[in-house]
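Visitor: Here it is, the structure in full.
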Amino acid sequence: MAKSKYEYVKQFESHDTLLPQCYIVVRIDGKKFHEFSKYYDFKKPNDERALKLMNACAKNVVLQYRHEMILAYGESDEYSFVLKKDTELYKRRRDKLSTLIVSLFTSNYVALWSKFFPGTNLHPKHLPFFDSRCVIYPNLETIRDYVTWRYVDTHINNLYNTAFWQLIQKCGMNPQEAEKRLSGTVSSEKNEILFKECGINYNNEPEMYKKGSLITNKGEILHINVIDSLDSLFEGY
């Protein structure tokens, strides 16, 4: 193959290879999704269409790399893809893993949009985009704790958001009043506020909202107690 005198510039490229025998998580997050969701009038505190769209995109990513992934877990506008510790996907290059997974997810989001939001076209000035990062975890304990962290975070965020928006929508509070009402409250108190002041039993909220979505490497979308399922989820890995 012919070479030019300018090929020397390739020496300035760097390829960060992730440590071997460590679990890899590629986590994607919606960028400026507060503005995006407001423009497309997402329902608060949860928009079922938007969450199912995220799940469909993540499922396609998992199935594309099912031999390299253990699972994916998502809530709101984020998703975490957990890769096997012995994966050699893209030679474990951080830049490749991060960019290819997030670009595949984003292209699916655009392609599947009309299925979940029929009659609402994406505006060229209001398109979805996501950031992405790769993090490595050295052993089974830390990767289990990572998934647990995201699961617990889902519960904390959803309980707060549910109480916050119900105080606004059902009790007539403005955002500042709702925030003040919830300030300093613990989970049990938020549950009580929802039940006594808003007539909402949090236990009856959809499982997808309360528990997030877990996708197995077979493409199954589950809304389960992740903490109770960790042993089976990571069996053999």
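Keep in mind that glycine also has a Cβ here, set from the backbone N, Cα and C atoms.
From a predicted model like this one, the values you see are computed outputs, not experimental measurements.
So Swiss-Prot lists the following for this protein:
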BINDING   ASP29, GLY30, LYS31, LYS32, PHE33, HIS34, SER76, ASP77  GTP binding site
BINDING   ASP29, GLY30, ASP77  Mg(2+) 1 binding site
BINDING   ASP29, ASP77  Mg(2+) 2 binding site
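Where in this structure would I find these features, and how exposed are they?
Guide: Its Cβ placed at the centre, SER76 (GTP binding site) has 22 other Cβ atoms within 10 Å.
Sequence-distant contacts of GLY30 (GTP binding site), defined as residues of its own chain at least six apart whose C-beta falls under 8 angstroms from its C-beta, comprise PHE36, SER76, ASP77, GLU78, PRO128, PHE129, PHE130. Annotation note: GLY30 (GTP binding site) sits in a strand segment as assigned by DSSP.
DSSP assigns ASP77 (GTP binding site) to coil in the three-state reduction, placing it in neither a helix nor a strand.
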Visitor: Between all pairs in ASP29, GLY30, LYS31, LYS32, PHE33, HIS34, SER76, ASP77 (listed as GTP binders), what's the biggest Cα distance, rounded to the nearest Å?
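Guide: The widest Cα-Cα gap among those binding residues is 13 Å.
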Visitor: Residues with Cβ closer than 8 Å to the Cβ of ASP29 (GTP binding site), same chain and 6+ apart in sequence?
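Guide: Residues satisfying the criterion: ASP77, GLU78, PHE130, ASP131, SER132.
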Visitor: What other residues of the same chain, not counting ASP29, GLY30, LYS31, LYS32, PHE33, HIS34, SER76, ASP77, have a CB atom within 8 A of the CB centroid of the GTP site?
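Guide: Other same-chain residues with Cβ inside the cutoff are PHE36, SER37, GLU78, PHE130.
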Visitor: Return the count of C-beta atoms lying within 10 angstroms of the C-beta of LYS31 (GTP binding site), excluding that atom itself.
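Guide: 13, counting other Cβ atoms within 10 Å of LYS31 (GTP binding site).
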